[in-house]
Amino acid sequence: MWESIFLTVAATAGNNIGKVLQKKGTVVRAYASNKPWLIGFLMDIFGAILMLRALSLAPVSVIQPVSGCGLAVLSIFSHFYLKEVMNVVDWMGITLAGLGTIGVGAGGEEQKASSISILHLPWVACGVAFLFVLLNGWLRIYRRQRREQELMQSEVVEEIIYGLESGILFGIASVISKMGFVFLEQGFSALLVPICISISICCSASGFIYQTRGLKHGRAVVVSTCAAVASIVTGVLAGMLALGERLPESPTSRLWLLLGWLLIVSGVILLVTSTRLVRFLPRKWRPVERPFASRQASSLRSREATSNPSTIIQTATLHHLVTSPAKAKP
């Protein structure tokens, strides 16, 4: 179990740091001739391989929450490598995410082969489809109301819906990848593994589309927070419903696992919303920073949170090869 957790943390660290190096490299010269971009690209790919290995060893209900620590690793890397200023809320988020990872590792059990019935999978797919129809219907209603009232800015409900839709797709992408390994363990054809990974890539790419729409019209802090939390919750619930994963039988292990999930989600929320929450702290706890550095640090964390909300196939670098990084409105 601990091996899977270490692999997950290393994978998400590679994904996030790789994206930072790629963005840092593109500012100077063309992609192919820029060393930081090439290093970042290789780290991104290596992170994808580590994540697939982690999914093959442990339940997705463990891997998906732990992958949320990638944002904490990114914050530390940005602080020491890019010399960005971090505030008290950032460090609190990193601490909570780290403690949550320890809790998940202490409460998780060794993975056992699940007896998945193929008949259960259509029900899960129908449930996800129904949820998307419901969310899109809700989105259309608010758009119509906004046009009737001649409002130019999007409402918070629209931002939440876009974040939820992208997060759900990211979580489902991890579950589908794990499904391929479970089918292989149960004696099905090995071709199901690349098929499931391909479907996972499509789900993750669709998640980027929804996320980009949300960032184009809404606030990054709302969209990215909803996406990160929805990604973790979807991975846990879908893993239990579709893959037959269960909570530990021991009450102590179950408590550690649930506490770990809660701490990781809380840490991710603090990291994403730190620039807003720090305004409510006493003045002596607020960092004394240069205005430009502050804007650069907060914008970098926002973009990275939105470009990698703790899932697997964004590591396939589709976001960099197909779409350009989204720019969030303040």
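Backbone N, Cα and C define each Cβ position, glycine as well.
If you look up TrEMBL, you'll see 37-56 (among others) marked as transmembrane segment.
Residues or ranges marked as transmembrane segment in TrEMBL: 62-82 (among others).
Annotation comment: TrEMBL describes 89-108 (among others) as transmembrane segment. Listed as Cβ neighbours of the transmembrane segment (89-108) (distance under 8 Å, sequence separation of 6 or more from its ends, same chain) are residues 1-2, 5, 9, 58-59, 62, 65-66, 68-69, 71-72, 75-76, 248, 252-271, 273-274, 277-278, 281.
Residues annotated as transmembrane segment in TrEMBL: 120-139 (among others).
For 160-184 (among others), the entry in TrEMBL reads transmembrane segment.
Taken from TrEMBL, the feature transmembrane segment applies to 190-210 (among others).
What TrEMBL records for 222-243 (among others) is transmembrane segment.
TrEMBL lists 255-278 (among others) with the feature transmembrane segment.
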Can you tell me which recorded stretch out of 120-139, 160-184, 190-210 has the most Cβ pairs within less than 8 Å of the transmembrane segment (222-243)?
160-184
In the same chain, which residue numbers or ranges, 6 or more beyond the ends of the transmembrane segment (160-184), come under 8 angstroms Cβ to Cβ?
52, 55-56, 59-60, 63-64, 67, 113-114, 116, 121, 128, 131-132, 135-136, 138-139, 142, 190, 192-197, 199-201, 203-204, 206-208, 210-211, 213-214, 217-218, 222-235, 238-239, 242-243, 309-314
Given a Cβ distance threshold of under 8 angstroms, which distant residues of the chain, six or more beyond its ends, lie next to the transmembrane segment (120-139)?
157-158, 161-162, 164-165, 168, 172, 179, 238, 241-242
